[in-house]
Amino acid sequence: MRAIISLLLISTMVFGVIEAVSVQKSLKIFEGERGDCVGESQQCADWSGPYCCKGYYCTCQYFPKCICVNDNGK
């Protein structure tokens, strides 16, 4: 009986750790912390990527040449 309870507790803890890691990865993607972001004066496309890194936004003054510019703390 103790073995069954111990096995259930261990499997619950393992599942909790796996779930926490997958949620953390999902949050990184949702927050835009992706590896495919580009910096200032780099070409971007808000609708399909590459996306601007945090602190920059994509502006399209001369389509299709959209570039990332600093958001100056907006």
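Using N, Cα and C of the backbone, Cβ positions are placed for all residues, glycine too.
Listed in Swiss-Prot as the disulfide partner of Cys60, from the options Cys58, Cys66, is Cys66. The recorded positions shown are Cys53, Cys68, Asn72; of these, the one with its CA atom nearest the CA of Cys60 (disulfide bond) is Cys68. Cys66 (disulfide bond) sits 6 Å from Cys58 (disulfide bond), taking the Cα positions as reference.
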